[in-house]
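Q: One structure is given below, represented as structure tokens, and several questions about it will come after.
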Amino acid sequence: MSSLYVPLVLRLEVRDRTKIVQSFIDDSKAGSESPLAGERTRQRLVKKGNTPPKKELKGREEDPPIGVMSSEPSHNYHKGRRTYSEVVIESLDGEKLVDSSSSVAGTSEKSGGRSVSEGPPDQVAYYSGNPLTEKTEGIMHFYKYNDEKLTKVAQCRMLCMYAVPAQVEVREIISFMCISLPMIVSIKVVRDPAPNQYMLIIKFKEHNDAVTFYEEFNNCPFNDLESYCCTLFFVDRIECTTSNDLFSSDDTSLTELPTCAVCLERMDDSVLAILCNHSFHARCLEQWADNTCPVCRYVQSPEVVAEQRCNDCGMSNDLWICLICGNIGCGRYAEQHAQRHWELTSHTYSLKVGGERVWDYAGDNYVHRLIENGADGKLVEYQRESNASFDDKNQKGGDKLEGIKLEYTLLLTSQLEDQRKYFEGLRHDMEQTMSKMEKTAYAQVENLEHQLTERSTELKSLKGDLDDTVTARKVAEKRATQTNEKVNKLANELKDEREINQMLRKDQQVWKGQVEKLIESQKTARTEYEKKIEDLQSQVNDLLMHFETQNKLKEQLDAGKITQEEITESQVELDSSSSSSRKLNRKKKK
């Protein structure tokens, strides 16, 4: 029940009209509550790492809350089947424990230092019984707060040492925690009906003393020889009340801690609730081999009652059971399977199922009235009557039944001999059957071994084929890898070539347009040049004619055939035929 700072409330429920145990009414609150005291204590315990690690469960992240109750007040409480047991409470004073532990060594010195002259006292006080021990009948309840605020503000000055094994005595516990005795105010030893264990309620002077004690001793072994550990939890207050007051109270701030149905311990942490709303410790439920709830299975599942039926026909009435082998058969007023069993096995006696009558098939009568006398071991006749006394039963025997006893002994011997022969026959048949089964098993084993050899050969060949296939697969994978590399390389080259071709096509279109433009411009320029050449050629012809005419006129002028005045006043005319012939001559020359 180890947990972090979770203060609990211990409540002793006593039987009605029973005296309240006044020593079990104590409130550890010092009167001043701090709203952050519980939170500081929780953080302190977390830093110390005092609590044992909880086992993590697959499929859930956190443990479900324990004992979640409705916030609305409810008075529909039912006591149910309640068993009140004896509860013994022993109170120990902390100061006396310290004094007794410190004065053990000096007891002899104090006794030796007493004055010899002192006489015995005149009056001595005495009391009857043990005033430190109180007994009552009740049930111990453990509660926790529903409201987290109450948990945070609680400053617990009490600790409960729970489930102390009976092998560890109280004096061993006191020596175990002797270092902390000066911090202890009182100790209450509570022995409830829990078998082989008890618990201690330790009250401290201050809240910090309780926390320090919890940090030092929680989950610590009591000694080095045994594996029992000290289990502590904080207690806010302890109460004692009657059952009527308990069930008539309107206190909804507390929730009672349930008890694990497996280990019978109180559940505080590592609690697992299943679909039927029954709660267990996680470690206890893990040890349950079945997949059903143990509580539901115990409460709801009835005991399996074997119904007696005839082994041959299944009839459930008028049944007789063989006293030798236990075979169950129907009577002679049904299918007579019990009599057939006697005919087959020679088992003479059968007992009426559900009755006390024994039938002898050999003598064809009842033999259940012959019993053996307890005084001398003789057989006597027994007649069962409803109101017969034990004395009447013993008075019916006599010496006259000595022969009946001998006859019964011989009959029993013969029946045992028949039984021996019958079972020897069964054993012989069983041996033959086992021999046949053994031979069949040997043949099956040989067949299985042959099949196993064939399967082993096939397996070896398949393994060889598998190795070859694996090798071929590796080679094919290598080739495929190389081919993929080549394909990737060629794809890259093809991509580059396509890009180059695309660029060349673009350049070709550009150059083609430029060539067409050049051709057109060349044609235009050629036409213009031809026109210019024709003009220039005509100008040259005119100049040549001018020069030729000028030379002729100069010659004629020199020869005196023409005068200067005639040249000035003359007009020169050219024929169109001559000009056209000149043009043709020019074209031919070209």
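Every residue gets a Cβ built from N, Cα and C, even glycine.
In case it helps, Swiss-Prot gives these features for our protein:
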type	residues	note
REGION	27-80	region 'Disordered'
COMPBIAS	53-63	compositional bias 'Basic and acidic residues'
REGION	99-124	region 'Disordered'
COMPBIAS	99-110	compositional bias 'Polar residues'
ZN_FING	260-297	zinc finger
ZN_FING	294-386	zinc finger
BINDING	Cys310, Cys313, Cys330, His337	Zn(2+) 1 binding site
BINDING	Cys322, Cys325, His341, His347	Zn(2+) 2 binding site
REGION	568-590	region 'Disordered'
Q: Taking the recorded Zn(2+) 1 site as Cys310, Cys313, Cys330, His337, identify the other residues of that chain whose CB atom sits within 8 Å of the mean position of the site's CB atoms, giving them in sequence order.
A: Asn311, Asp312, Gly314, Met315, Leu319, Ile328, Gly329, Ala334, Glu335, Gln336, Ala338
Q: What other residues of this chain sit with their CB within 8 A of the center of the CB atoms of Cys322, Cys325, His341, His347, the recorded Zn(2+) 2 site?
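A: Counting only non-site residues, the set is Leu323, Ile324, Gly326, Asn327, Gly329, Trp342, Thr345, Ser350.
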Q: Measure from the CA atom of His341 (Zn(2+) 2 binding site) to the CA atom of Cys310 (Zn(2+) 1 binding site) and give the result in Å, rounded to a whole number.
A: 11
Q: Between the binding-site residues Cys310, Cys322, Cys325, where is the Cβ count within 10 Å the lowest?
A: Cys325
Q: Using Cα coordinates, what distance in whole Å links Cys325 (Zn(2+) 2 binding site) and His337 (Zn(2+) 1 binding site)?
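A: Cα to Cα, Cys325 (Zn(2+) 2 binding site) and His337 (Zn(2+) 1 binding site) are separated by 14 Å.
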Q: Would you identify the secondary structure of His341 (Zn(2+) 2 binding site) according to DSSP, in three states?
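A: Where His341 (Zn(2+) 2 binding site) sits, the three-state DSSP reduction gives helix.
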Q: Below 8 Å Cβ to Cβ and six or more residues apart, same chain only. Which residues does that give for Cys313 (Zn(2+) 1 binding site)?
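A: For Cys313 (Zn(2+) 1 binding site), the qualifying residues are Cys330, Ala334, Glu335, His337.
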